[in-house]
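According to Swiss-Prot, the features are:
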type	residues	note
TRANSIT	1-20	transit peptide
MOD_RES	Lys81	N6-acetyllysine
MOD_RES	Lys81	N6-succinyllysine
BINDING	Gly87, Arg88, Gly89, Gly90, Ala91, Gly92, Phe93, Pro94, Thr95, Gly96	NADH binding site
MOD_RES	Lys104	N6-acetyllysine
BINDING	199-247	FMN binding site
MOD_RES	Arg257	omega-N-methylarginine
MOD_RES	Lys375	N6-acetyllysine
BINDING	Cys379, Cys382, Cys385, Cys425	[4Fe-4S] cluster binding site
Amino acid sequence: MLAARRLLGGSLPARVSVRFSGDTTAPKKTSFGSLKDEDRIFTNLYGRHDWRLKGAQSRGDWYKTKEILLKGPDWILGEVKTSGLRGRGGAGFPTGLKWSFMNKPSDGRPKYLVVNADEGEPGTCKDREIIRHDPHKLVEGCLVGGRAMGARAAYIYIRGEFYNEASNLQVAIREAYEAGLIGKNACGSGYDFDVFVVRGAGAYICGEETALIESIEGKQGKPRLKPPFPADVGVFGCPTTVANVETVAVSPTICRRGGAWFASFGRERNSGTKLFNISGHVNNPCTVEEEMSVPLKELIEKHAGGVTGGWDNLLAVIPGGSSTPLIPKSVCETVLMDFDALIQAQTGLGTAAVIVMDRSTDIVKAIARLIEFYKHESCGQCTPCREGVDWMNKVMARFVRGDARPAEIDSLWEISKQIEGHTICALGDGAAWPVQGLIRHFRPELEERMQQFAQQHQARQAAF
């Protein structure tokens, strides 16, 4: 999610009026959701089947991978571009375009693919499920993605706390080497490709691509200034693409079933299937693969068993992980779960980690806790983030008690705007957006709490 820079500053294209004529063009899809089982890419999401090589092959992994590799980088990039796949780590940048930055004449330096498995966003656990239950999808995805970029090797940077997941991944890599699927002459294609696992040490900031690269190199995980971008100077000073686990893992299936198949799901510019995490006040917290642009209400009601106490008991939802602004129940009624629809709703898809809060939630305290997290995880390199997030944390602690004045709400908003967009990476943005969402939708609750505190304070003084 640290890659999700300036999402709220984006704009949607103007609405286009459609005229129906007598041609045979199929009408645009208007309803989304209810993904069929045969269209699911992640078929072992809940670990009900064997995750090792034989089990993975029985579910279609490593099928005709040699043919995909032999078709070459241009063909793979063409299918990924046709699919409309956008980065699944939060930023939503077109994957085919990003990968094509690496597909240029070599200057003698090796190229690398780095997979960001440092999943530290509160509420997010989709990549963990892929690595734990479907590790071969990721390993095969590294090979296919690496071939598209002309990469020599892939480094999978995995969160240090994911001990069991790292173990499963290492087993899957060993099995792939022993079967000749990766390494020298991978899959018999004549293409050499290695895969390495690098364990992180728990720093959230290493989810930012350049901080992750610094960590791989053995340095302190602090974001780099850009340019130069990783595609020019990345890990070990070589051209590098950093990609999310889910983004990489879906690429072999896109190549096998065709980019047009993947593009048939979701709205235009928001195509494909997506893993959604649903947690919080729901009857059945889960991770589920669903079509992009599925209505948020349907996602919660159908897959998570609904809000505890019923839909009318819903207070607010954080739709894309802790760094995206919350939206109230009134917006949740109709909003679609895709990049553009959520930007229009003044929030973002982020990592698609849906955090549901019912009416029992102290919404001010919940957001204050998130700000405390970002204050703790700031690397301290940028002054607006280091000082501003610490200041916001102190103010939010007083807002929880109500020990503040209404004018301070505007001050907090202004500080959040001064942090947003003024830092090297997007951690400052991720800390500012939850505060902005709270003020935008729950300002009356903040003012009421301050009023109650003032009345109680006056009553105590009168008692003396």
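Note: Cβ is positioned from N, Cα and C throughout, glycine not excepted.
Reported as a whole number, the C-alpha separation between Cys425 ([4Fe-4S] cluster binding site) and Ala91 (NADH binding site) equals 12 Å. A simple way to gauge crowding: the CB of Cys206 (FMN binding site) has 29 other CB atoms within 10 angstroms, across all the protein chains here. For Cys385 ([4Fe-4S] cluster binding site), the nearest neighbour among the listed recorded positions (Lys81, Cys206, Arg257), judged by C-alpha distance, is Cys206. Taking all protein chains in view, 27 other C-beta atoms sit within 10 angstroms of the C-beta of Thr241 (FMN binding site). The DSSP secondary structure for the residue listed as 'omega-N-methylarginine' is helix. In sequence order, Val114, Arg224, Pro230, Gly234, Val235, Thr240, Val242 are the residues of the chain that are 6 or more apart from Ile213 (FMN binding site) and have a CB within less than 8 Å of its CB. Within the set of recorded positions Thr95, Lys104, Lys375, Cys379, Cys382, the entry lying nearest in space to Thr241 (FMN binding site) is Thr95 (CA atoms). When the binding-site residues Phe93, Arg199, Gln220, Cys379 are compared by Cα distance to Arg257 (omega-N-methylarginine), the shortest distance belongs to Phe93. It is 21 Å from the Cα atom of Ala91 (NADH binding site) to that of Cys382 ([4Fe-4S] cluster binding site). Using a 10 angstroms CA-CA radius around Thr95 (NADH binding site), the recorded positions that qualify from Lys81, Lys375, Cys382 are Lys81.
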